[in-house]
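K.L.:
Taken from Swiss-Prot, the feature FAD binding site covers 47, 55, 60, 100, 141, 309, 350, and the record attributes it to sequence analysis.
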């Protein structure tokens, strides 16, 4: 939940201090990181997903994109890869599987005028920043959850929607459910540590890269893993409450019902978009998006900016190139919050020797 209370910074030793926190590591967030570096701002990025790229990576990595200036055409994932390469010289930290939960004003250390912001994530990470730039696309992505009555009590222990630590699956019987790139990639990776991996999908075809599908079929043929066509029917457990453990998974298909012995279920059915906690940050919103001033792309709450699809204003165009423009202007205003006593010198990558050296010899 959000708060309007001005507060002293607790547990400073456990808090990351930087100039700007970028919420969202999709194309706009990645370009924003590059722009921050060009301006001399320190920044860190967080994303609710387990890797950079946002919708381009998670929903349509193979989709052709034709409206990026000077790029006649490229695949969505190729664009993400190029943006990662572009911002790599600045080596800004990226924190994945992190959802921005709350923001609070922090008492300034010195001048008593330019207050800073404390952002806390769902895992407890905290960031003490001069400004926040929200580049969260259509909102925070949340996993499509298993709709079986037994699932909620097992989530986080035996039912998972992301793989955050491969070692926890060592020696386990793992069922990976899904038919996209993430499901195939993790099934293939987990087969190297798990006692047995079964990939479960409702049909023979996949929405995944041909190479991954071929590798999976070869692994099945070699006896390294299993592939079952069907849908989740029930989760059978032992124990109760927090001591409940997954024992078996009931699979339903046209051929009937079968039961798989399983210790862990990794359900990778894709993502759904939701506004998330950001909608409760006491900013003016329009249809789930952040209303911004188009001269600075700052929200109604001082120090919080928005760029990309999450930003709302009259005649807003939901284009990646629009997000690039919005982020560039937002960071110029954010610079004044980070360095209130300094004037921003207009920087061009072509005529700044130090910057040019950094970008060409990274």
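Including glycine, each Cβ sits where the backbone N, Cα and C put it.
These figures come from a predicted structure and were not determined experimentally.
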K.L.:
Which residues in the same chain, at least 6 apart in sequence, have a Cβ under 8 Å from the Cβ of residue 309 (FAD binding site)?
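P.N.:
Once residues fewer than 6 apart are set aside, residue 309 (FAD binding site) is near 137, 138, 289, 318, 323.
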K.L.:
Quick one, of the binding-site residues 47, 55, which Cβ has the fewest other Cβ within 10 Å?
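P.N.:
Per-residue Cβ counts within 10 Å for the binding-site residues 47, 55 bottom out at 55.
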K.L.:
Among the binding-site residues 60, 100, whose Cβ has the fewest other Cβ atoms within 10 Å?
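P.N.:
Comparing Cβ neighbours within 10 Å for the binding-site residues 60, 100, 60 has the fewest.
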K.L.:
Based on DSSP, name the secondary structure state of residue 100 (FAD binding site): helix, strand or coil.
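P.N.:
It is in a strand.
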K.L.:
Taking DSSP three-state, what's residue 55 (FAD binding site) in: helix, strand or coil?
P.N.:
helix
